[in-house]
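For PHE13, GLU76, PHE270, GLU295, the entry in TrEMBL reads substrate binding site. Annotation comment: TrEMBL describes SER77 as pyruvic acid (Ser). The annotation active site, schiff-base intermediate with substrate is assigned in TrEMBL to SER77. TrEMBL lists CYS91 with the feature active site, proton donor. What TrEMBL lists as active site, proton acceptor is SER276, HIS291.
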Amino acid sequence: MPEIIETNQLFCFEGSEKKMEIDFRPIDGGDTDTIDINGGLRQYNREFWSDIVAILNGTILLADPQEKFDAYLISESSLFVYNDRVIILTCGTTLLLKTLPAIMKAGADVGLEVCWFQYSRKNFLFPEQQSFPHTSFDQEVHFLHEYFPTGRPFIMGPLSSDHWYLFVADFIRRETPDGSRKIVDRDQMLNIYMYGIDPQVAQYFMKADPLIIPSIFEDFSADSNNVEKEQTKELGNQSEFCATGDEASDRSGISSLLEHDGKVVHSHLFEPCGYSMNGQAADGSSYWTIHITPEAHCSYASFETNFSCDSYHHLIARVLEVFRPAKFTTVEHVDADSRIGIAGPVCPASLDGYDLAGRTFNEFGTKDYVVQMCNYVSKTAQYVAPPPPLLRAPPLHKSDSGEWSK
């Protein structure tokens, strides 16, 4: 009988987050100010949210109540709880959408109903790793239509390259009894998805040496193997690994990135590598969050904030100075009456050493809010895609004659 030898498998982590935001209003039609008076969703304690996070296969690592929201750093990214909304970001193979019915019930139990729902994510690097209901966007949409039959799915960007999936269910009342339009929201949001981060930066988010691609892959993917080896060699000579999340925040430049407009509230450095951070903006009602997968063969970093300002242009430039990715995608989601909504989101053709590869813009409703997605590529750094699925787990069979085959 042939001998079967399993090769060491290159572990590739899906850093890109799934994101869900659920906004609520009083079921009785009362003013949303009554939610603030009664406490709304912030009436629920850490134990309750731990049970919610367990549904998606995660755990709460750190919790910190702020004046306007409660911030939770979880094993697979972040959770933010306001009186009237819940925002969850989860990476890896988490089952984010399975938490939806429990969160909706939690809202109903304190007299709230959903007035706005959004689910979004970038295209996965490793979609074959996902489980129901996240094996495809079609499956996610089918799942969500069970709860929001009138919800609408969108795909922004080229399907052959970096693109962004969005599902929206909008029940916001934007008209007064006399038919005139009223100002309901002034929310705005920035997401930056970065790939191929500078290895000199990536090293700060490791407690141990990064993985070296097993030699068995050399026959399949010499290019990606050489990139990993060269970056590993480069990092090993520097010996710049960190011991704690705070040290990683300081040495990488993340702490100084936020010092003018906010602060780092909690940071966590995972074993043997990986980093997550929750922060608070200076206005007290907004958050920052950063999540990093530093391994060279699948390096990724994300930045998100709902901080209100006239333009995100300078903030994006500061984030790029820290991570120096080979390519990145920005998504700006802004209400019409927000500060950026009034001025209009900006998408320059060139941005601090990067060229614009494509822009997608969509207006929703009667210009109630807009979403803009932009893809940028570095003028100098080349992005090397991770090895395809076949190369990550190729069990080889050794026959009696001594020949290897798949």
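Placed from the backbone N, Cα and C atoms, the Cβ positions cover glycine too.
Structure with TrEMBL features highlighted.
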{"residue": "PHE13", "record": "substrate binding site", "DSSP class": "coil"}
{"residue": "GLU76", "record": "substrate binding site", "DSSP class": "coil"}
{"residue": "CYS91", "record": "active site, proton donor", "DSSP class": "coil"}
{"residue": "PHE270", "record": "substrate binding site", "DSSP class": "coil"}
{"residue": "SER276", "record": "active site, proton acceptor", "DSSP class": "strand"}
{"residue": "HIS291", "record": "active site, proton acceptor", "DSSP class": "strand"}
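Here substrate is bound by PHE13, GLU76, PHE270, GLU295 per the record. The longest Cα to Cα distance in that group is 16 Å. If you compare Cα positions, GLU76 (substrate binding site) sits closest to CYS91 out of the active-site residues CYS91, SER276, HIS291.
Taking PHE13 (substrate binding site) as the reference point, the recorded positions whose C-alpha atoms are within 10 Å of its C-alpha, out of SER77, CYS91, SER276, HIS291, are CYS91. When the Cα atoms are compared, the residue listed as 'active site, proton donor' and HIS291 (active site, proton acceptor) turn out to be 9 Å apart.
Sequence-distant neighbours of SER276 (active site, proton acceptor): residues of the same chain at least 6 apart with a C-beta under 8 Å from its C-beta are LEU61, LEU73, SER77, SER78, GLY245, SER267, HIS268, PHE270, THR289, ILE290, HIS291, ILE292.
Counting other C-beta atoms within 10 Å of each candidate's C-beta, the binding-site residues PHE13, PHE270 are led by PHE13.
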